[in-house]
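What Swiss-Prot annotates here:
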type	residues	note
BINDING	Cys113, Cys116, Cys152, Cys155	Zn(2+) binding site
DOMAIN	6-77	domain 'J'
DOMAIN	91-164	domain 'DPH-type MB'
MOD_RES	Ser2	N-acetylserine
Amino acid sequence: MSLVNSLTHYEILRIPSDATQDEIKKAYRNRLLNTHPDKLSKSIHDTVSNVTINKIQDAYKILSNIKTRREYDRLILENYKRQGFHNCGDGLDEFSLDDFSFDEDKLEFMMNCPRCQFVGGFHFSESLLDECIDNVDAMERSHSGYQLLTQCSACSLWLKVNFDIEEEQEGQ
């Protein structure tokens, strides 16, 4: 299923993704009435979005059934993830520093890009982590540690890398 450059069923029916079954049914009826060729003059036909009666019916068929709607929502989410969009609030994928490999010769962390699969698409030095730590005072530090934002060197994907420092204990 490809949703790239196409409208979702929610967009076709002009409803939010958390719409109730009653809202879906009402939107379906309104959309059919407002799109039906007998009810429209050519000047106000929905040609920009190219929404047809068949697309409206397909959208309703999927969204009105709880099981098919759940599967459709899962497919939408997977598609967005492939494009680098995740629903975690700020639009950034989050990874732990543990997900990265470390090159001891270069003192660099590396990871292949999860979107474009570019080998070593994400890489940054250990000194960059030190700078990040130095630039955050104790009041700004999140409870889960520190965060670094970094972009893939081959595509537009940005990642939020979560990390913490291990406190060295005296006498060891």
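Just so it is clear, glycine is given a Cβ too, placed from its N, Cα and C backbone atoms.
Keep in mind that this is a model prediction, so the values were computed, not measured.
Every protein chain shown contributes to the tally, and the Cβ of Cys152 (Zn(2+) binding site) ends up with 21 other Cβ atoms within 10 Å. With a cut-off of 8 Å between CB atoms and residues at least 6 apart in sequence, the same chain places Gly121, Phe122, Cys152, Ala154, Cys155, Leu157 near Cys113 (Zn(2+) binding site), listed in sequence order. All protein chains shown were included, and the count of other CB atoms within 10 Å of the CB of Cys155 (Zn(2+) binding site) stands at 14. Note: the domain 'J' (6-77) comprises 49 helix, 0 strand, 23 coil (DSSP; helix = H, G, I, strand = E, B). Summarised as a single figure, the pLDDT of the domain 'J' (6-77) averages 84. Taking the Cβ of Cys116 (Zn(2+) binding site) as reference, residues of its chain lying under 8 Å away and at least six apart in sequence are, in sequence order, Cys152, Ala154, Cys155, Leu157. DSSP labels the residues of the domain 'DPH-type MB' (91-164) in these numbers: 12 helix, 29 strand, 33 coil.
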